[in-house]
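Input: a single structure, listed below in structure tokens.
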Ligand code: PSU
Ligand code: MN
């Protein structure tokens, strides 16, 4: 029977209500180039540990959904060329066939929630792609977040997407959206978009209370915390717009579809900006991890915070 493997330190932290933050592995395997990807993966874990938070990087290793990769597993995910990108629908297939792969926002959220983890940090959510009327390309991140109780800290949705359409979908799907110290929805590589968010929060304790109240109300959806990259780290807007046009044209010319689209667009960005977008992407993720750490600590201290029950499975 399928088992999740939860690292001992993650299990101990979950069982005693201590702060844990989940991290995804598609960002490592498909969003960032080697060898920086492994350095970043290790650095994110250190950022969490320095704040007293247990990191839980998630992937599927030889068919086993693993919550809290060890150094060897992390290296394998970061360094294996063409390692699979596993969304939610791929999880049972990868497990049945004994495959190894990186998990997306969708599949990481699902596995983290199953393991009793309440906070997750990523870069930017997937969403509705530009040209969706023709391609019907919408990330499984959105529907999964609609039914998965976890708090996701992100810099909004990737700016390669149709941001307005994605925000409409999040509203339809009933996913609470909080601006972290902002009323403006952030744009991943850019600190701002033209869109606003209805709710602004300024304190981790307030996010923890939203989480507790969502649970008390019986809501199953995730809570999305949108955290802008600092302006000093954002990509130049003109460079961004120019490279985005070029990347979208190239993707269309190649006829890319399905899960290949997002990694291609990100890789094209990193190449065409001569690495500037890579530095911004790393700043985005680091910034999200630090906010997620604060929220996990606040959740842990909240009077109606973590259920101190056993995680789902061994
Ligand atoms: N954030 C990043 N880089 C990434 C991703 C997020 O900074 O590579 C990944 C996440 O795993 C997200 C995925 O779930 O991109 C979206 O892919 P798709 O559009 O195929 O659903
Ligand atoms: Mn897609």
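Each Cβ is built from the backbone N, Cα and C atoms, and glycine gets one as well.
According to TrEMBL, the active site, proton donor annotation covers 24. Look at TrEMBL and you will find 85, 105, 139, 140, 141 tagged as substrate binding site. Annotation comment: TrEMBL describes 137 as Mn(2+) binding site. According to TrEMBL, the feature active site, nucleophile maps to 158.
Mapped onto this structure are the features recorded in TrEMBL.
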residue : record                    : Cβ contacts under 8 Å, 6 or more apart
24      : active site, proton donor : 57, 58, 102, 103, 104, 105, 108, 120, 122
85      : substrate binding site    : 26, 29, 30, 101, 102, 104, 259, 263
137     : Mn(2+) binding site       : 128, 129, 131, 257, 261
139     : substrate binding site    : 104, 105, 106, 125, 126, 127, 128, 129, 262
140     : substrate binding site    : 87, 88, 89, 104, 106, 126
141     : substrate binding site    : 104, 105, 106, 109, 125, 126, 127
158     : active site, nucleophile  : 123, 124, 125, 126, 127, 188, 262, 265, 266
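Other than the site residues 85, 105, 139, 140, 141, same-chain residues with C-beta atoms no more than 8 angstroms from the centre of those residues' C-beta atoms, the substrate site, are 26, 87, 88, 104, 106, 107, 125, 126, 144.
All protein chains shown were included, and the count of other CB atoms within 10 Å of the CB of residue 105 (substrate binding site) stands at 30. Taken in sequence order, the binding-site residues 85, 137, 139 that lie near ligand 1, meaning a CB under 6 Å from one of its atoms, are 139. With 85, 105, 139, 140, 141 listed as the residues that bind substrate, the site has a largest C-alpha separation of 13 Å. Checked against ligand 2, the recorded positions 24, 105, 137, 139, 140 give 137, 139 as the ones with a Cβ under 6 Å from it, listed in sequence order.
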